[in-house]
Amino acid sequence: MKKIQAIVKPFKLDDVKDALTEIGVKGMTISEVKGYGRQKGHTEIYRGAEYVVDFIPKVKIEIVVSADMVDLVVDTIRDTANTGKIGDGKIFVIPIERIVRVRTGEEDHDAI
Amino acid sequence: MISAADTAFILAAAGLVLLMTPGLALFYAGMVRSKNVLGTMMQSFFMIALISIEWVYLGYSMSFGPDVGGVIGDLSWFALSGVTTAPSADYATTIPQIVFMIYQCMFAIITPALITGAFAERVRFVPFLVFAFLWAVFVYNPVCHWVWGKGGWLGSMGVMDFAGGLVVHVTCGAAAFASILVIGPRRGFGKRSFIPHSLPLTFIGTGLLWFGWFGFNGGSALAADEVAATAFVATHLAGMAGMLMWVIVEWVVLRRATTLGAMSGAIAGLATITPAAGFVGPNSAIIIGCIAGLVCFGAVNLKVKLKLDDSLDVVGIHGVGGAVGTLCLGIFASTAVNPGGVDGLLAGNMAQLWKQAFGVVVVGGYTLIVSWILLKVVHITLGLRVSEEAEVGGVDYAEHSENAYNS
């Protein structure tokens, strides 16, 4: 079991969600986050003065899948969220030790 | 002889000018960070209470009372003694004097409120009130008397100011400059971005200011007559031309037309036409507005280069706008537009431009020096500046135990 945590551009969220649903991903958690990587922030203009805004809005998608799904999910996110421009985001794959479904008490693969 | 039309018009105009102060509070509040919204609004809004009471007991008499040596009015009208519903012999002779008094009160209120934009986000409330009171007594009232009071020395020598280019805008701009020198920049100035927290608030404030400006300039005719009509039209046209020009310059220089730029240009145009509003025709007003958009944009950018933390650009927009407008009066004024006014340079009267320039230097210089002294005195005795902890946490909570937004 792995957690796939992807940071993507906000405008790509709908495309990524649709593509993941198509390959059989059942659920996901998303958060609106801010941050920067190599692209740094952006500049805003107020009364002629330019200000650098360090943290720019991104969306964080978290999905937990069984190990055999990992490559497909990662490839799908990568293909869908890619614009070719700097600031497209990153995908992290993180091991998961245990999963419990709150309603039924099912665990691990049954709970995904 | 009282005119019902004039009285109704000036009462309405007084209401419009009052509305500019809460409008200004919103205009400024949108440009500060969310932790300093209430403190910023309070510094403008509370002037309604502080200056109104100062005006009743001291201000009106010092500004418009019987002249003492061309310098100041005496205090014989203390507590509005003798100021009744009968018209004054010297001012606005077709309306009750008490109407003229309350109309002028609104100008006295907004002027110190305008200064607060320069030191927004870093000043303690009560010491600021002490400064505002002293400033009204030692700067606003004398300058108002010099320019507008019967017997005032600048007015007597022919310096003209229709609705407050000198009395309101140059004074607030010069005081703002003094305050930047005394109080110093905000912590992190030049290193961190102080981005406006809500430009829609600033937008509402701009609308209210523009609306109120019709009372400010139109009402300064002190009668519902042709001059009021001239001033009203000139005001609108200069405001729109200021906005147009600022946005064009911004687009040329930065390749973006910003909302704050549009609002700043409008305010610059309105401030700049103020001294000249009743003396110039529509085409001159448009030119003056365009000059305002261009020059004030330059002044605001210069601030960034000089590293002076005039938080909300009081010097660049009001000070420079008021001074430029006062000079433009000396260029564009025409007795063909207002037979009771003056001719400027373009109508063949070079002398008026020199008088206007003299007025700018005297009022600007006097205000700068006296404001600096008053600020120093208050700063040393009471401490104008908030503590580091209060500045980081925000003046809203530190000074007022409130927050504008609860999450």
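Note that Cβ sites are derived from N, Cα and C of the backbone, with glycine treated the same way.
TrEMBL annotations:
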- B:8-405: domain 'Ammonium transporter AmtB-like' (DOMAIN)
- B:41-60: transmembrane segment (TRANSMEM)
- B:98-119: transmembrane segment (TRANSMEM)
- B:126-148: transmembrane segment (TRANSMEM)
- B:160-182: transmembrane segment (TRANSMEM)
- B:194-216: transmembrane segment (TRANSMEM)
- B:228-248: transmembrane segment (TRANSMEM)
- B:260-279: transmembrane segment (TRANSMEM)
- B:285-302: transmembrane segment (TRANSMEM)
- B:314-337: transmembrane segment (TRANSMEM)
- B:357-375: transmembrane segment (TRANSMEM)
Distant-in-sequence neighbours of the transmembrane segment (B:126-148), which means Cβ under 8 A and at least six residues beyond its ends
43, 46-47, 50-51, 54-55, 58-59, 62-64, 67, 70-73, 104, 107-108, 111-112, 115-116, 154-155, 159, 161, 166-167, 171, 175, 359, 362-363, 366-367, 370-371, 374-375, 377-379, 382-384
Check the transmembrane segment (B:194-216) against the transmembrane segment (B:41-60) for contact, please; criterion is three or more CB pairs under 8 Å, pairs 6 or more apart in sequence.
no
Paired segments the transmembrane segment (B:285-302) and the transmembrane segment (B:41-60) in contact, 3+ CB pairs under 8 A
no
Winner by Cβ pairs under 8 Å against the transmembrane segment (B:260-279), considering only B:41-60, B:160-182, B:357-375
B:160-182
Intrachain neighbours beyond the transmembrane segment (B:160-182), with Cβ under 8 angstroms and 6 or more residues off its ends:
107, 110-112, 114-115, 117-119, 135, 139-140, 143-144, 147-148, 154, 216-217, 220, 231, 271-272, 274-279, 308-310, 314-315, 318-323, 325-326, 329, 333, 341-342, 352, 355-356, 359-360, 363-365, 367-368, 371-372, 375-376, 379, 384
Which of B:41-60, B:98-119, B:228-248, B:314-337 shares the most C-beta pairs under 8 angstroms with the transmembrane segment (B:357-375)?
B:314-337
Same-chain residues near the transmembrane segment (B:314-337), Cβ under 8 Å, at least 6 residues beyond its ends
114-115, 117-118, 160-162, 164-166, 168-170, 172-174, 176-177, 180, 230, 264, 267-269, 271-276, 279-281, 284, 287-288, 291-292, 295-296, 299-300, 302-303, 308, 343-347, 352-357, 359-360, 364
